[in-house]
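Chemist: Got these off TrEMBL a minute ago, pasting:
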- B:6-25: transmembrane segment (TRANSMEM)
- B:32-54: transmembrane segment (TRANSMEM)
- B:132-426: domain 'NADH:quinone oxidoreductase/Mrp antiporter transmembrane' (DOMAIN)
- B:137-155: transmembrane segment (TRANSMEM)
- B:167-189: transmembrane segment (TRANSMEM)
- B:209-232: transmembrane segment (TRANSMEM)
- B:244-262: transmembrane segment (TRANSMEM)
- B:282-301: transmembrane segment (TRANSMEM)
- B:313-333: transmembrane segment (TRANSMEM)
- B:339-358: transmembrane segment (TRANSMEM)
- B:379-402: transmembrane segment (TRANSMEM)
- B:414-434: transmembrane segment (TRANSMEM)
- B:455-475: transmembrane segment (TRANSMEM)
């Protein structure tokens, strides 16, 4: 049953991808990429990667689509006509696809317990997590602690993306008393989206908080939570107008969340170092090393959530405010 | 807290955590001061690390306190220490000189973001170099790439934006290729730690995925390293970037990708795949030779100063790859040495360019006539670094070219041909450096144009200092040479 469903999803995925390449209407392309992300999220779910699926749905299908649409408003929704070059690209992509397919002939069967992936590190993680960290969700243990340094790196990727957009779009850094121009935008006069959207927002934010604090037990964590909460706020901005959203959470707060989140995560690492452990060795944070690990993961996840939520919103506002500034 | 033991982590963490703080430093000049201080601390850490591994030992660091294949390990050996010196040295030097140039090119309210991105590039690059974990390398590659797009887009030149877009596309493709390769390897071995991959690849019987992985990783990194013919993003990105950004990135950015390429190939693939050293040589040598000859030829006919030097960089990448393709002690040590010396020469040249650009709006050669009379110190520094780029005895560039020629002679019956190629390309370098010198010293100034004074003292002092270093390391190359030799020994040992 699941196989048929997976095949169906993958076929749709390919069709969508081809449609994205073929269309020269950028608005259609954006909508299709949103569908692509949603299909992708479903695929991740089938592969039991619920946390990745959540993020993909929130970021890929939600936030990115809105940001793309903001960008389209600045440029135009028609692709510039171009001649030639497509065949070269098509040829290259085909050859690469064949190569990867060739490589997968010798791959271990999906879910094969004898596959090297399940023989080496995974058993150790499964066996040692209860002993060292004592939380039910091993994925959180790996991402937050065993490979927490990678996660710190990813937070700084988000940070870099955020300052990059702010820098290039030239939105001046927040100043105090910057007046927010009140302008009637958004969907205030459309009753149905208004009512439905307003009903949805509290649930989205609540779900985001649940994902944030439930990461130790089920799929979840800071990245997903930050993205989901940001989606809720962006929905509010779409309904009520960007300036209303900015009034609710001003730009300075957003930037503060990004900086604070990144520093909170890094600061935990430094604190571990000062307390005699290695960088990000949470065991030294409390007298009981297991509790120290849990405490460390809790704090860094909070940092991740703050940074991701702030960055997504800051990027959204940078695009959305562009029109007014120019 | 034992500081020395923590240095590999601090090397990355200091610039990384300074970056968000810099954003908060709003008043003018403060962001620059903060970033420079952080970069200087990084350089001091790199120097300490280099001295610690000079005798060939390797410093290991277990992130989060988790042992190696389960957690992420950092490792610093002679090869990484050499790169760390280059990266932090270039980052700190360019920042020290940067203030007036950046004030001219980046609006003051955007500067905190700019310097923050600068530190992110720095921490991303050193993060790649100290990491002993294939996926961790990817994460830091993302940080350094994203942040370097910001830096290149930073100047007033709008042409930088399409250049950045191209760089972004190429960089993303390169990183994706690398990630696909790492994914395939993880699929076959179940591990991400480089040493552990090497251990476990030996047991893999279905070798095809590993071969494809080797291909993807090599091409992805070659793209990032601007190996000919995957270099198309370089000239525009270097040309339209703010001048000080060019100094920083030209000195170290592509070299880091080359470092990962060499390390991955020697430490992982050559040890486990049969005849891989021959495949690597057959892949790398022709590309290196073509890159050296074609890029030098392009540079000979290029009319824009920055674009000319960018072309020359592609040729220099060729030299480094050529040395590595010999798969010998002498070749690798020449490669490692050239990584260091080229950074000195090209960094110095671009510093001098930044000084010129402070006064001249247009950097085409025919606009720079008579600059030597107006900016004598800048031009003198330029000439010294130019000589080093050519490889004139007494300069740093000579040492690595000499080592490369020695290695080529040892490499077999084709040795003489390779020596001929190195000599011809050095003559080509004489031509293109001479064209610049001719413009600076012997052409008549363009009417009504041109400055009346030198660049600001701070820029000039740093530029002059780097020019002197080019001579110093030409006469006393012991320290980098020792690092390069231990690096070569380590790599060859790893490939057994």
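Quick reminder: no glycine exception, Cβ is built from N, Cα and C everywhere.
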Chemist: In the same chain, which residue numbers or ranges, 6 or more beyond the ends of the transmembrane segment (B:209-232), come under 8 angstroms Cβ to Cβ?
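Modeler: Cβ under 8 Å, 6 or more out: 141, 145, 166, 170-171, 173-185, 187-188, 201, 254-255, 257-258, 260-261, 264-265, 269, 272-273, 276, 280, 283, 287-288, 290-291, 294-295, 313-314, 317-318, 321.
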Chemist: With pairs 6 or more apart in sequence, are the transmembrane segment (B:339-358) and the transmembrane segment (B:455-475) linked by at least 3 Cβ pairs under 8 Å?
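Modeler: Counting Cβ pairs under 8 Å (6 or more apart in sequence), the transmembrane segment (B:339-358) reaches the transmembrane segment (B:455-475), since there are 3 or more.
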Chemist: Can you work out whether the transmembrane segment (B:313-333) touches the transmembrane segment (B:32-54), with the criterion being 3+ CB pairs under 8 Å where the paired residues are 6 or more apart along the chain?
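Modeler: When sequence-distant Cβ pairs are counted, the transmembrane segment (B:32-54) does not touch the transmembrane segment (B:313-333), since fewer than 3 lie under 8 Å.
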Chemist: Can you tell me which recorded stretch out of B:32-54, B:167-189, B:244-262, B:414-434, B:455-475 has the most Cβ pairs within less than 8 Å of the transmembrane segment (B:137-155)?
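Modeler: If we count Cβ pairs closer than 8 Å to the transmembrane segment (B:137-155), B:167-189 scores highest.
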